[in-house]
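According to TrEMBL, the feature domain 'ABC transmembrane type-1' maps to A:81-269. For A:12-34, A:81-107, A:119-141, A:147-170, A:191-213, A:252-269, the entry in TrEMBL reads transmembrane segment.
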């Protein structure tokens, strides 16, 4: 398309405007994490970039105390960070293993084709509409505030993503490859393990990262199913308050820590984001 | 990013006619392996979906709350038939929460769609820096929703940068104001999810065959005409996916609002999810929440079934 100088300028102006709207809130949080108390609010004038950059906020959340703050933290960020990592990873393993195996069975062996839609339905309902029995059950079997209780629920809520993402990857493998292996005498399990799995390895890696991002981003389930020991990062962040008032800087530091992994991983699998988020309905 | 295929999810299993002979005839053990492979998923569904669903139906027909001191399986002692269901029909709190949820959906989703469509239009052609701008524009949707809530909570403080940038006094309140609280929440949702619309719609636009566009241009169609007559009709399925996906997620909205306003001031930003949360923890009215949840489940399932049937009919 031949485009005049004016349209090019207009286009860049619009793109830059959109980017600055995206960056505006992010910048405030990121710089807030490195600001001393005096610069948290605009009381003494607005500071976008900290005049006296400090690591105090991080020191406080990691060690529970910092110079100038009388109140010390009885729980540092280490616990929630571990909890977030452990439950997200375990939930991801569960979802990806169950999702990969069952989608392979549905795609290649036509086992229970209706499973696909049943699994998809899980994403339709607001979690709070179905959480009462889960909470009752979790309390009954002693799964509240444990790593496995939260991992189990993460495994089931992200199963639809894993299932549908892997389904599209399996569908892309020509069935002839597997047939050839079958004809040469391999069992079905060997065909899956030795032929199919290596072929979908990149897809599987994408799926793992994608599901991990979704689990890591959870707030509500952790809020409902944990109390103290296995509180995750976002819940910890939202409950961080002290008698001295709002801890903007510490919250921003926690937000920054929670935001980095999904952004980095998300950019890594950018190519497959559309496929994952639309349950394979749209490929890029 | 040129080879884009859109195939709408249909109720029918994919490719059910091809290769049936081979996989069911030669390979007996294939079926056995298939059953082993779906077993973990079935166990999870049974344990965390089917069984709880039965329990929810059971509890919803009683007065049981965790405060009773009786275990849940003895809930039948306070069996009340359908009283919880009668109560929800005339519960003003529930209906106004539903109304607010629909309001947020009705404003946020179309705004996200229009902005996403506009942005996607800007990104059809290659231009220097496209990749970097594209990555920047995608970041909001990758940030943990709870963190986005916290970010906008900071932004909308009286002493925050928004008031400062627009020259408003620190007493100008956003999150505690009856009208502006809702606007703030919608702004935050639009900020986070416009990128998703952009991503999906751009993928759809790039899937429009380039030769058709080229031909239209050669025949003298203006950009606007090309867009309306060629791009838009071909994008219908993609647009449907984007709108359905966002509407479903928007209906569930919780994290953002809970962190920004906790549903307040008063109940001004209380959506369905926040209402259920409040009933669950403030009032501990668990059997009632179970009844509401089951009703929502039923209504959404019926809507989804109708949607799928409609889609299948249109494709047939």
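Cβ coordinates are placed from backbone N, Cα and C, and glycine is handled just like the others.
Whatever TrEMBL says is automated annotation, not expert-curated.
It should be emphasised that the depicted structure is a prediction, and the values quoted were computed from it without experimental measurement.
Residues of the same chain lying 6 or more positions beyond the ends of the transmembrane segment (A:191-213) and with a Cβ under 8 Å from any Cβ of it are 88-89, 91-92, 95-96, 99-100, 104, 108, 158, 161-162, 165-166, 169-170, 173, 177-178, 181-182, 261-262, 265-266, 268-269, 272-273, 276. Here the transmembrane segment (A:119-141) has Cβ contacts under 8 Å with residues 102, 149, 153, 156-157, 159-161, 163-164, 220-221, 224-225, 279 of the same chain, all six or more residues outside its ends. The list of residues near the transmembrane segment (A:81-107) in space but at least 6 beyond its ends in sequence, with Cβ under 8 angstroms from a Cβ of it, reads 113, 115-116, 119, 147-148, 150-156, 158-167, 170-171, 192, 196, 204, 207-208, 211-212, 215-216, 222, 226, 229-234, 257-258.
Within the chain carrying the transmembrane segment (A:12-34), a Cβ under 8 angstroms from the stretch's Cβ atoms is held by residues 40, 47-50, 53-55, 57-58, 248-249, 252-253, 255-256, 259, all 6 or more beyond its ends.
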